[in-house]
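According to Swiss-Prot, the protein carries these features:
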DISULFID  110-123  disulfide bond
DISULFID  149-158  disulfide bond
DISULFID  296-309  disulfide bond
DISULFID  542-551  disulfide bond
DISULFID  613-626  disulfide bond
DOMAIN    736-770  domain 'EGF-like 12'
DISULFID  740-751  disulfide bond
DOMAIN    783-814  domain 'EGF-like 13'
DOMAIN    822-857  domain 'EGF-like 14'
DISULFID  832-845  disulfide bond
DISULFID  869-882  disulfide bond
DISULFID  891-900  disulfide bond
DISULFID  999-1011  disulfide bond
DISULFID  1005-1018  disulfide bond
DISULFID  1048-1061  disulfide bond
COMPBIAS  1516-1535  compositional bias 'Polar residues'
């Protein structure tokens, strides 16, 4: 080393020494304290500020007082003049108290997921926790970012989704849809996604979900289609769904007369007088005469749709058109001349002609003329347009709509459905119209239909435009079109949108000379309604509420104010004042802005409920009741106010003078006066010189000639009741008074021409003939008594004829409509099919069991049965339906039971549970379809295949998780480890000293050898050899399996483990090849002995270096007991009492044992210490004692030569042990382990095979059907009762039951036999063990458990419980007696009783009322009898008749009294003396005829003419009177001569 290098080395040593001196002394084993963390500051990475509440204490000062008394000297007290007194003193001092308050302070901490390390400014290290990372993020402790996110998520905690669609649209051709953690591509309609999941391919749009069409899809192009409906349907507005066309819309449903839609089907009806033909379409005339429906008194003449009654000669047809009356006097038909003055129909009455109008017309005020009714004013039918026609109206629709099938509503016409409406590309249907549009890259033509590419040359907008000749006062200015294509960076979409906006050249006309308007014809002088001229004199400045060029238009709806620029804020249909904007609310709505209310047609708290108020009516906000406009009323505002009522709710009474008023306005109550009257209430007549309605017309009569105030005619004033030039004509019908100028107010009846008193026609009464006759009266003056009409019929107040209710006919309405007819006068034929019964009044069909519908033509829907399908089925929901007639449940596949409430028994499925399941290996069978649900470990249609290798569990969906090539259990996935492996996943090798399957075998390896974990082969430690490593290496060999040869020379011995040579004295070297020289041997090797036991002599020190297991100066002593190895430093681990080898540590086992822990007995064939001796036992199966080597027979053998096996039932050494195997199992002669026979398993064969298993060790699976067991030995199926077949796959045949189906069933009357035990399940109506007994009276149904509910001694059908009604009753429970007019079984018999007599509902016998008798009560009581059955006799004097009902005597004229035994009193006459005489002059009247018997010179019919003779007061006359009388007063004789005295 050079001097320079030595100097440098010395310098480094000095520096190192200084460093070591300067370092603090740290004791050995002491820990270094952690470095403090830097304080966190705002703004540092991952530092979060948090608020926390802390208690802060502080001292709060308070003033306190202390009071006490002090002694003081006081003067003037006591005998010494001084004394000691006490005074109170108070001392104030300052105290403090501790006060705590809660304060919030900001604390800086590491954000969640981060922590701070020493010397870090902030929180820079990740801190992992279970809930730190979201969406499957992985936390890496100490990393720069706490969470490592999976693809699709980002953020420090993976809390944010990555929107892949933001970058290049995610690679999608059409649409990119972002999803949490991923994304997906979608295609536009008409395309489908390609296999790359990014590009889109065009598809046949009809092939995908039928194009969304409900019926047919018609492909137009590869991406466009059109929906089409089946015949009888039409396309809805959505272009996809179809609705059924009204069957009446097409040719009136093929009906001749009327077509009605009933439950979606066309139902033809005929007018009155016609009946439906057999084809259900045509209408045939009903021959009322032949059917007996006319009820004409004399003759009947059939006409089309009606009939006409005719009378015999000398008779005239009555007003009812049926009765005939003898002609007593000449009757003039008031309708023969000029149709009675009627413009349409005329009917002759006793009061004169009665005018009638056809439908759609009404009588005018003259009661003669028919005027058309404006049906559009009252009809709520038409939705859009209503056109009134004479006698009717017609609905119409706006352009773009068509009339609905009901003739009222309007449907939008889908113009796009037909050739796309003429659009070249796309057509969009709108309400009442349509709109064409173009695809991308095209623009719409001027015709608004065609499309042209944007690449087409544009019109040269900069070219010369055609010259336009200016109009007078007009200048034409042309605007330049903005440049179509600009250079600025505008997106392609905006460019295209701009181009499709159709830029066109515009022209603007400018008026000159202060004119304006479209033709420059207006000036400021034309401004109206307060409008002023604008400053430029080019228009009008309109005031509030007005708009338009000249302010002649009111503001448009929903605007108001100046220039109509303000929007109204009125809600719920309110209208606003065009000037002020104030809201006018409709009925039912209030508030400043009409906010307290709902829009038209809705109500409720949230205005979500619908109401249906006609005629623009609104409904109550809360209750939905209709709030009608003035003039309307009714539940739905569909009625106009009655006469002389008006206003909201028709609550106001018109104040018009009714006789002078034509009508009263229903809305505001204003009066429309009749001709000749005027005034607000029509209270005044016309002033002179005026006439007509309202008196607005001026008369044109000459001066002095009166003018008729009604007609304006000139003429003289005729007396009341007359008119004409000479006042010789009576007032025409309907007028009265002076000049017949007043109109009768008699409701169409005539009135007295002078007084105006009404002459009411038959059936009317009252001052104005507005009242009908009272109940029970008819005719003129309502003087006639109505006949006894039956069945709630009333009599016609005009004719007295009974007006039958629908369903009844006859002169007294006593007959019910004949079968097959119903309605008024029984003129409509019933349409009930399938044995349905027709109600005689309404025609409503009462359907037979199993049928329903208007005409009983529709079978019961699923879930209902019985008459009119009125009974709900009592079958388990969804598991079965019931028979429409009987109600018995018809079970769906997979269900049985009376209500189909039970699933098929195990092993059966399908309809009636008649099919056998074919599932194997214990799989569950679906009771409906028979589909197999495989248990874990099996797959296949019938679960016949085990799981493939590597899979297990249900449907073999789970993959095995075993290592080392181990297979897994197909059921639970547990690993089946191969030999040498163990653990749940077979990931562990066998522990030491074990090998084989499940490491269950013990290794037979000794002297520290290891064994192969698979087959147990020993791997010997160095120095040992042999199968069990029991043999030490022979001399000259060492190492593994003693394969190496020793190299020791000169008598040296080698270590059998390491091969090291132990040299004899005088020799040294690795192979003892060197001879020791005197100078080479140090003191330790000086002695002749040298180092012993293989010890080596250290050439430097001369000390012996002892090998393992030896100690001492010359290595002469082995290790002390309990120690071994190098320097005897290792402690032995042998069991107590066993020494260990001082070199290897191997335990020195007692004779007969071996192993590292002496835990194993000597292997067979060896014995003694270390099992080193070999047994020398003779015989075939010997065994020697492992310790002593004494010979004996091996376990399982006996005999002198050990050649005999143990007899059955014994095992072990000397065959001394008894076997414990059951069920015929045999045991191993050596170990006693049981070998079970077929069908058994267990340690002692005590267990039979579990259900479903059989064979050796129960390894085979039974193939029997569910519910069947199999023989555990042979696998033969043991069928349960009711099953048969090799695999019990068949049920018993009919009428067989029991085990093997060997027994015959004994069920009768259709009873079902239980296949298992033969018990009978009786059908409805039967009971008993063998179903041999019918249900007793009063019981029915299954097992006769139900009680009949039939009344009136009726019986019930034993199967269904249907009541069998006795005569006179009907109904489901026979609870109703026959209706009046019917009797007998089923109430089919018709009663023919007359005069309103009822009949007995059972026998049909007529129960005659008092006054009648006979079989049909057709005869009245004979004279002299009365009462019920006419059995009572009259008690009247003089043969006077009596009332046949009451027996009261009907006295003849001149007689009275209870028995007609009294003469009439003076002044009375007639029948029963009920009339009063009208005789004057003291005359009496005849008590019979009432004729007056004059006295005292009176004469005349009433004796009021003439009187007694009086003498004159003149004497001359008196004197003459004594001689002769005037000639005129002389009495004459009968012969005409003078009377003789």
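Every residue gets a Cβ built from N, Cα and C, even glycine.
Because the structure is a prediction, the values reported are computed rather than measured.
Everything Swiss-Prot records as a feature, shown here on the structure.
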residue	record	contacts (Cβ under 8 Å, 6+ apart)
110	disulfide bond	40, 46, 47, 48, 116, 123, 127
149	disulfide bond	133, 135, 137, 155, 158
296	disulfide bond	289, 307, 309, 310, 322
740	disulfide bond	718, 721, 722, 723, 731, 732, 753
751	disulfide bond	734, 736, 744, 745, 757, 758, 759
999	disulfide bond	980, 982, 990, 991, 1013
1018	disulfide bond	1003, 1004, 1005, 1009, 1010, 1011, 1012, 1027, 1028, 1029
1048	disulfide bond	1054, 1061, 1062, 1063, 1071, 1072
Residue 999 (disulfide bond) - helix vs strand vs coil (DSSP): helix
Candidate with the highest Cβ count within 10 Å, taken from the disulfide-bonded residues 309, 845: 845
Rounded to the nearest Å - Cα separation of residue 551 (disulfide bond) and residue 900 (disulfide bond): 82
Residue 882 (disulfide bond): nearby disulfide-bonded residues from 542, 613, 845, 891, Cα cut-off 10 Å: 891
Across the domain 'EGF-like 13' (783-814), average pLDDT on the 0 to 100 scale: 86
Rounded Cα separation (Å) that holds between residue 832 (disulfide bond) and residue 869 (disulfide bond): 15
C-beta crowding around residue 891 (disulfide bond), within 10 angstroms: 22
Residues that sit under 8 angstroms from residue 542 (disulfide bond) by C-beta distance, when 6+ apart in the chain: 527, 529, 530, 531, 548, 551, 562, 563
Residue 845 (disulfide bond) and residue 626 (disulfide bond), distance between Cα atoms, whole Å: 35
Neighbour tally for residue 613 (disulfide bond), based on other Cβ positions within 10 Å of its Cβ: 27
Cα-Cα distance linking residue 845 (disulfide bond) and residue 869 (disulfide bond), given in Å to the nearest integer: 12
Sparsest-packed among the disulfide-bonded residues, when each Cβ's other Cβ atoms within 10 Å are tallied, from 123, 158, 869: 869
Cα separation, residue 845 (disulfide bond) to residue 613 (disulfide bond) (Å, whole number): 33
Local Cβ density at residue 1011 (disulfide bond) - other Cβ atoms counted within 10 Å: 22
Largest tally of Cβ atoms lying within 10 Å of a Cβ, found at which of the disulfide-bonded residues 882, 1005: 1005
Neighbour count (Cβ, 10 Å) for residue 900 (disulfide bond): 23
Cα separation, residue 900 (disulfide bond) to residue 845 (disulfide bond) (Å, whole number): 32
For residue 613 (disulfide bond), the three-state class that DSSP assigns: coil
Neighbour count (Cβ, 10 Å) for residue 1061 (disulfide bond): 25
Number of Cβ atoms other than its own within 10 Å, given for residue 626 (disulfide bond): 23
Count of other CB atoms lying within 10 Å of the CB belonging to residue 832 (disulfide bond): 23
Cβ neighbour count (within 10 Å, all chains shown) around residue 551 (disulfide bond): 21
For the domain 'EGF-like 12' (736-770), residues assigned helix / strand / coil by DSSP: 0 helix, 8 strand, 27 coil
